[in-house]
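In TrEMBL this protein carries:
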COMPBIAS  599-609  compositional bias 'Low complexity'
DOMAIN    20-199  domain 'Phosphatase 2A Regulatory Subunit A helical'
REGION    572-609  region 'Disordered'
REPEAT    20-58  repeat 'HEAT'
REPEAT    137-174  repeat 'HEAT'
REPEAT    176-214  repeat 'HEAT'
REPEAT    374-412  repeat 'HEAT'
Amino acid sequence: SPESKVDFRGVPYRCVINSVLPRIREMLTDLSFEVRSSATTSLVSIARLLDMEDVETHILSGVILMAHDDDEEKRMTAIPIMNLLAPILSEDICRVFLAQEIVALSDDPSLKVKAMAAHYFTNISRRVGENYTSERLLPSFIQLANHRSGDIRKASAESIVDICKVVSAEKRAEVLAPLMTKLLKDPSRIVRNCAFAVLGPFIHAIPEEMLSPEFVRLFTAIPKLGASVTKAESTYHCAFNFAAVALALGRSRWNELHATYLLLAKSSLMKIRRTLAHSLHEIAKILGTKLTEQHLLAPFDLFLVDQNEVREGVLIHISETLSVLSDNTRKRYMDCLRGFSSESDHNWRFRKHLAEQLEHLAAIYDTDIVIDSIVPLTLSLCSDRLTCVRTTAIRSLGFLVNRLFAEECSASRPLTTKILEFSEHKNHKRRQLYVDICNHFLETLRWEIFEEIFLQPLLALHSDHISNVRLSLARLFSTRLHSDVRLSGHEEMKSIMKVLRTDEDCDVRLLLMPESLVSNWQTSRLNQRNSTSCIRNGLIHDTCRGPLAEAKESAGKDISAVVKTSDEAHEFLSSSASSSADMSQKNVPKSMQELLPGQSQSFSSSSSH
């Protein structure tokens, strides 16, 4: 966009073109691959900032010359640069220059150059569009995919999905699908591995009606490949892409995938079961309630009692999975949810993942289950040993209170009573948590409910004997009073703010002071500290060198007595610090002087040590 362009002309702009770009072009021919790669990144970044005319004149022209160089390394370096420049240049320029060059390089005498060209059709094909790609680029790509060199076929297999996304659906089914089948049956194991790795995304890119059962069987047969490292990697890719393939085929063709899914779910490799566990909720949403309960509950139950890595994959999206199930089936998993809430601290993330989904769980369960199970579960997590779990769990309380009050449920009173107990809890961290709960309620709860039930206990914490509780309350007021008229206009707020602004704790006072006064106080305190530091440094210099005359020369001040012992030095330092504090206090506004005495005393005390 015009706003992102370099907005300078003259010397700086010409310096980039005349000095920086030539140096980068030199590094593009460096013997080190790392240097060439970094130079490529820098060149493209600069191209995004320059005018199009300068990009074509000073960057594109040089890249085209590299593509025609006799040195194959330079031609190989030019190919990724052209691919990265394609989104920056206009469609016409890409067709006239970049597309023509990539076609020419795909027919290069060097096998390395051809393999590099097969890798980088992506951005150029997207920029020139569907028709031009089908007419000019696709024939060259097919030629590379059928090349006798295994490296070139491997590169083509890695790029075939990107080409598939550019061409029409008919071309995908009629041209690229047979080509993909050929790559899957390639004599080279490396080529087959690459083809199997991208088979899932390739199927997802083809319309369902154009996917033949024979082609789908190429995917479902992956777990049945011969036992080898190839099988393990290919099977992992099969599991990783299973949800995408299921989405492409839809629930009507789940019968073609069902047996393979069960086979993968029973795999001896944990990473395969883990990736299935992470995507189970997506497959459940594709299949719907009936098919999910018929075919996915068995794997779901297995994953819930599997290794921790697999269990975590299920737990992260368990509310989405349960939302697909029927009410009666969903009830069976409440005990499982309670089990996750009581995990050991070693698995504290399990409790946090569950806390993140409490609101969604409360939305999908009936009111009776919410009252009997979800509310106790939420309150339990709100009292968790770890702060991150507690602060996550309280975000669901607003939804719970709103729902129970909206349904005029009698259970709302026990819930609010439990929440109010936090405000009077003997543990000050629980009282701090009540402040955090109220801060969340101000965003989610109706004001009438909040004012009637939760506001007075919140305001009462302004006189709490623990400073951290008052600090949490002051932090809430400092962020809410300016934006929440309901809170700032409350009749008790003025008196409470007056008390907090004169609190014995400096941090509480600072939070509620105007920013300008805080800035003045901080400046005065810094001056006080620097002044005392200078005195200390002078005394240290004096005791090290001996004669008081050196201290007079360095400090430029008259000192009436010679400090001969360390005790005398401490006494002098303490008295100097006190006088410095008095001088600093004179420069502080009266409204801020209440902050200084405690600070001065504590600083003088620390200085005397």
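Glycine residues also receive a Cβ, built from the backbone N, Cα and C atoms like all the rest.
Small disclaimer: the values here were computed from a predicted structure and weren't measured.
Within its own chain, the repeat 'HEAT' (176-214) has Cβ neighbours under 8 Å at 142, 145-146, 150, 153-154, 156-158, 160-161, 163-165, 167, 169, 222, 230, 233-234, 237-238, 240-242, 244-245, 247-250, 253, 256, counting only residues six or more beyond its boundaries. According to DSSP, the repeat 'HEAT' (374-412) comprises 30 helix, 0 strand, 9 coil. Per DSSP, the repeat 'HEAT' (20-58) is made up of 30 helix, 0 strand, 9 coil. Regional average pLDDT for the repeat 'HEAT' (20-58) in the model is 92.
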